[in-house]
Amino acid sequence: MDVLEAALRSLGLDTLNFTLRHLFSSRRPEAPKFVIRLSFFVALARCALHFLPSAVSIAIIYLNVRGLYIGAQLAGTAKYGASFAPALVQVGAKLQELLIGGSLAIVLFHVIRHELLFGNGVSFGYVLSGFSFARIPYFWSPAFFNGWTFSRQSLVSRRGLLLCLALACGIITNFAGPASALLMMPTMQNWQIRHGDLDLNATNDQLWPASLTINNIGGSDCLNGASLSGTSNRCINNGYLPLYGNWQSRGPDYFDGTVTIMPDDFSGGRVIHGHNPGPAQQGNSDTWASTPHAAVSHLLTSIWWNATWKGTLSGIGSTALVEVPSPWVRVKCATLSLLGADSLVPFPVLPEIASWDFATVTSLSMTTEMQDFLVQDPLATESQYSTFWMPHDSSMGYSSAGMITFLPRLAAQSPNRYGFPCTVDARWVNSLTTKSDGDRGPVVNADLWFDYLDGNSAISQAFFNLDWLHALAPNVSIWNVDGSDSGKFGTAISGLFGAYYPLYTDILNDPGDPYWSWIQVVELILASYIVDGMSRVGLEEHMGQQSVDNSRIVTVTTTIQGYAYMASATADYLAIAVLLGHATIAFVYTGYVLWTRRTSGCWDTIEELVALAHSSRPTSALANTSTGIHRSSTMSQRVRIRVSPESPGEEVQLIFGDSAQQWQKAEINRKYGRQNVYEFGQEIETRKLRRKPVPQQRDSERALLYSQTPSS
């Protein structure tokens, strides 16, 4: 019976104990009770409240550490609405919070009770901390704050541990609800479902060469403009037509600083990301473009539709990931005005780490080839652009090559030329290439693990041979503004410039506007075309029929998007720490109690503490406190619970100050009450207090006694 009563009281169901006592012994008054019990089973029963919240905490921690995939949607959301599952989680989290609060209260009550009964006592302000610790304001209240006056003398002792325990219990209790809700609710995540190695069928030098030459253009048939038809995606210049259509569709009135281009030459779109800070920030800013490697994109596309892999990629938000280098190109341009006999061309000087400073340029003398080009330029008097490649020059800074975009002459015989000298910085950089479901089908992106502003270095810098650059931008037919063939030829890059911003003859006489403000558009068009060409390097070997020795093996990870339990954010790990803190306290306390087998069920309710205080001997330490407490000295009074050596009255009393030196400590397995002592298993005879007779009654009893005395 004692075990059942202890278990019900621990679980907060003491009402059932009252009900049972009322049914079987309703007329009996309050009887003496045990203060301390030495029993393993009673101790186990008093730990009952720890088991459920600890088990729930361990379960949800395990789910979030080990991980569990739920599905594309939560069960029940389609029928009851999207708020049904979160509502259930909130209810469960609140219940868990209440259970954790009750569990920690039991631990705190045990420690306080032990100090009151067997230790040196606690401060008056800490007597009720088992009821108040769940309220955050308690920790800056006079009751808690002024308790340091007594406890600070021995912070390393059990009193200091009591303070730390109260703080820990308060923090855990107040954050247990949010922590439980965070960990109980599955979140939308990318769940790994497959992991394997695949062969790119090309070597590292073929896929990511440090120097790009004529051997890296995709084959001999990529040297002429016929490869621009779009039928041979392994050629480095095969992105011309998709990019031409992209820039033509945007037009001169559309420019938002960033572009996303999808050259449609694979089953699934490979995305080119272009970044430009916009015309308003020409200085101290960089223009760059990046894209996944085409060979990697082709590999991911092939496994995407492979029957073996497709079964694992058929869910919502399917993604295939691989860690490989990707091309990255930065382009910065200056303004060029060749007036008369000028022979110096300004090129931006690019730093390896940090953005370009607008004022940092280097002036290079015109080469013989450039002079001949300016004299023989067939587009010099036409309404079109012309381009001229410059080999890498160390004076350009961290660069791979240079290019000049010339505008037409203002007059047929004018020696003046205007344009944009550009410095090109190309690199192979670390990236996470992903193929995922898009609005119009699968798309391939490259998330770069590279930031030249923060000093994260690339795998290698790429240098361009002039033969590779000429193969990248072969001569193409120049179209007029109305879309007709002009009968003239220019480079592919000049064709892209014309697609975005055709040069009308009526604005040629004003080169300062809009051309000078359009410089960053030139940078973005040039960067996107070069990065697309770099991405196709090695595609010929990868798609070839012949196996390649020392080919690059890549690890492909496939994921699926859906609801899952998996800790990933800092908030998740903080929530785990909160629940793990409670479980640790509960397990340590349970182990200690079961080992000592010594527990008590007294004074863990307000009513019992009021009854104890009321039946205890009055003390001068609480003088003038019946209407309030305003002094720190009162809150810091030492309080203990002792057994009174005198009679009559209640044996167990609440003692203030040092007046308890001569009082006894409660004994194990003894019942205490109103000056009656019961041993466990054997009752000691009760000492009945005789009522003293009044004087009149005493005189009559004496007279009666004398009258009954026999005569001599």
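Heads up, the Cβ atoms here are built off N, Cα and C, so glycines get one too.
Note that TrEMBL annotation is computational and uncurated.
In TrEMBL, the feature region 'Disordered' is placed on 689-712, out of the ranges 257-280, 689-712.
573-595 is the stretch from 116-140, 160-184, 573-595 with the greatest number of Cβ pairs below 8 Å to the transmembrane segment (34-63). Beyond its flanks by at least six residues, the transmembrane segment (116-140) meets 35-36, 101, 104-105, 108-109, 146-147, 149-151, 158-159, 162, 166-167, 169-170, 173-174, 600, 604, 606, 609, 634-641, 656, 660, 665-666 of its own chain at Cβ-Cβ distances under 8 Å.
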